[in-house]
Amino acid sequence: MLEALKKNPKFTPRRGPVVLCILDGVGFGKYADGDAVLAAHTPELDKLMKECPMTRLKAHGTAVGMPSDDDMGNSEVGHNAIGCGRVFSQGAKLVEEAVETGKLFEGEVWKKLVANVKEHNSTLHFLGLFSDGNVHSNISHLKAMVLEAKKEGVKRVRIHALLDGRDVPETSALDYVDPFEAFLADINKEGFDYRIASGGGRMVVTMDRYNANWDMVRKGWEVHVHGNGDLYKTAHEAIEDLRKKTGAIDQDLPPFVISDDGKTPVGAMKDHDSVIYFNFRGDRSLEITKAFEADKLDEFDRGFRPDVMYAGMMEYDGDLHAPKLYLVNPPEIDRTMDEYLCATGVNQFAVSETQKYGHVTYFFNGNRSDKFDDKLDNYMEIRSDVVPFEQRPWMKSAEITDAVIEAIESGKFRMIRLNFPNGDMVGHTGSMDAVLVAMGALDLCVARIAEAVRKAGGVLVISADHGNADDMYEHDKKGNLKLDKNGAPARKTSHSLNPVPCIVYDPASKGEYSDELKTGLGISSLAATCIELLGYEAPEGYDPSVLNFK
Ligand SMILES: O=C(O)[C@H](O)COP(=O)(O)O
Ligand SMILES: [Mn+2]
Ligand SMILES: [Mn+2]
């Protein structure tokens, strides 16, 4: 148990709660073209930004524990940093180091997986997100593992490729598949049998999160494990044909299976195979991991369940200890703000809809699914619709707002945190028109929350975990707008490298801190900011708050 937080002598807390509102994927754009945050009708946000103390926070690269400042931020690293008030080296960086130093291959788990397939003359399978987005995975890690498998004499490797188009350009799958096929062909010239065996768009198969839509996992299981699905000779052929048939962008392409003879899949899984799920990020890894590991599974009927040795790239959940075997230790994120507030007896409320529910709970608490205190931690999930979000860009923003206002008015909670997914989830669809509606809906919600905070005599901190809606069009390295084949702006589905706002709306302020907030900080400063506004001193080692006390 942590020690209780110390009272901050410089600040007497307000009568009402501190409300931390995370606008997922809402940053300050670099280019006016495609900046939906700038273009949308958002009178409330505009007013708050003009009238309240405000600063910009870094939300990408090394400021959130990514390997370099060329890496965009994402929800995991963002909410980890916001929730624990410090920056830890994150999965992308830890795996990169483990691969580069060779530590990954010296570990017990790698050795066991390889020994298993050598002993049984069976197959080593790799399943994961097939891109270099560095949000959930990096294809360079896969490549290094494939080369090591070859070096260690593994005869047969099968790769199950989840197509991205969400953390990388929307129709870039062949930019990864074609060179990889050439890479495998070179290996096979030396007498090995290494193939891509199945795949599909990441928003259709396998990578569901937070139990939003288990049918995605069932569909993935069918093609990766059983080899049941539309058959193609190569992944290249599958992608071209499925694009033609559906018009879908990569993340939404249907599943496919590779077969040489039009009957037998090349990579169905069998007893004694080894399987590595090579994504390092947990939210979209936990369900497929459960499908492989659980003795009894209620979510779908697995049919034949081969007795495989399954390992993840990382431990995805420190409370569930899932998966049982993993290759790289996760960051040891401790002393989170939620845990400190529990130790201090502060009643907390966290809410979002399904798509981001784990962001304000599991990611916020350092990738732990359990509460720190059953009484003081109060979490609410509002079920997300299972629809393409460009068709419902308002998502559940009104319902989240209702819940937040009820929590404020109840007077029960000192600290309230929420996540509005719209800027991000709609941003990932690439639809500028839908994002403009999403931002408009958010603005109405922010106005309602601000009013409830004012009435309750509380403080509202508005920020974000990373950008997305602020950068809806592709630009080249010189900053010129890229056009698609029809001459329209090329749509961008991924996050941005942009900073995010930090607005402090404190209508009951007595002027204890300057209107000029600190500059040059990252989103890890939000934890200390909230803790100080609650009337406590930030714990040792926390990154500084944005507040300049007088
Ligand atoms: O998982 C996703 O949807 C994207 O890869 C990243 O989005 P998020 O980091 O905002 O969840
Ligand atoms: Mn996010
Ligand atoms: Mn996102």
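Glycine is treated like the rest: Cβ placed from N, Cα and C.
It should be emphasised that the depicted structure is a prediction, and the values quoted were computed from it without experimental measurement.
The domain 'Metalloenzyme' annotation in TrEMBL covers 17-537. Within the model, the domain 'Metalloenzyme' (17-537) shows a mean pLDDT value of 98, rounded to a whole number.
Ser75 (Mn(2+) 2 binding site) falls within a helix when secondary structure is assigned with DSSP. Taken from TrEMBL, the feature Mn(2+) 2 binding site covers Asp24, Ser75, Asp465, His466.
For Ser75 (Mn(2+) 2 binding site), the same-chain residues 6+ apart in sequence whose C-beta sits under 8 angstroms from its C-beta are Asp24, Asp283, Lys356, His359, Phe363, Asp424, Asp465, His466. Taken from TrEMBL, the feature active site, phosphoserine intermediate applies to Ser75.
Residues or ranges marked as domain 'BPG-independent PGAM N-terminal' in TrEMBL: 95-317.
The substrate binding site annotation in TrEMBL covers His136, Arg166, Asp167, Arg202, Arg209, Arg281, Gly282, Asp283, Arg284, Lys356. Taking Cβ-Cβ distances under 8 Å and a sequence separation of 6 or more, the neighbours of Asp167 (substrate binding site) in its chain are Met72, Asn74, Leu129, Ser131, Gly133, Asn134, Val135, His136, Ser494, His495.
Under the three-state DSSP scheme, His495 (Mn(2+) 1 binding site) falls in the coil class. When other Cβ atoms within 10 Å of the Cβ of His495 (Mn(2+) 1 binding site) are tallied across all protein chains shown, the result is 30. Positions annotated as Mn(2+) 1 binding site by TrEMBL: Asp424, His428, His495.
His428 (Mn(2+) 1 binding site) counts 25 other C-beta atoms within 10 Å of its own C-beta, drawing on all protein chains shown. Site extent for substrate: among the recorded binding residues His136, Arg166, Asp167, Arg202, Arg209, Arg281, Gly282, Asp283, Arg284, Lys356, the largest C-alpha separation is 17 Å.
Under 6 Å, Cβ to nearest atom of ligand 3: this is the test, and of the binding-site residues Asp24, Asp424, Asp465 it is passed by Asp424. Between the CA atoms of Arg284 (substrate binding site) and His428 (Mn(2+) 1 binding site) there is a gap of 16 Å, rounded to the nearest whole number. Listed binding-site residues: His136, Arg209, His466. The one with the lowest count of other Cβ atoms within 10 Å of its Cβ is Arg209. Comparing Cβ neighbour counts within 10 Å across the binding-site residues Asp24, Asp424, Asp465, the minimum falls on Asp24. Proximity to ligand 2 at the level of Cβ atoms, with a cut-off under 6 angstroms, picks out none of the binding-site residues His136, Gly282, His428. Here the CA atom of Gly282 (substrate binding site) lies 19 Å from the CA atom of His428 (Mn(2+) 1 binding site).
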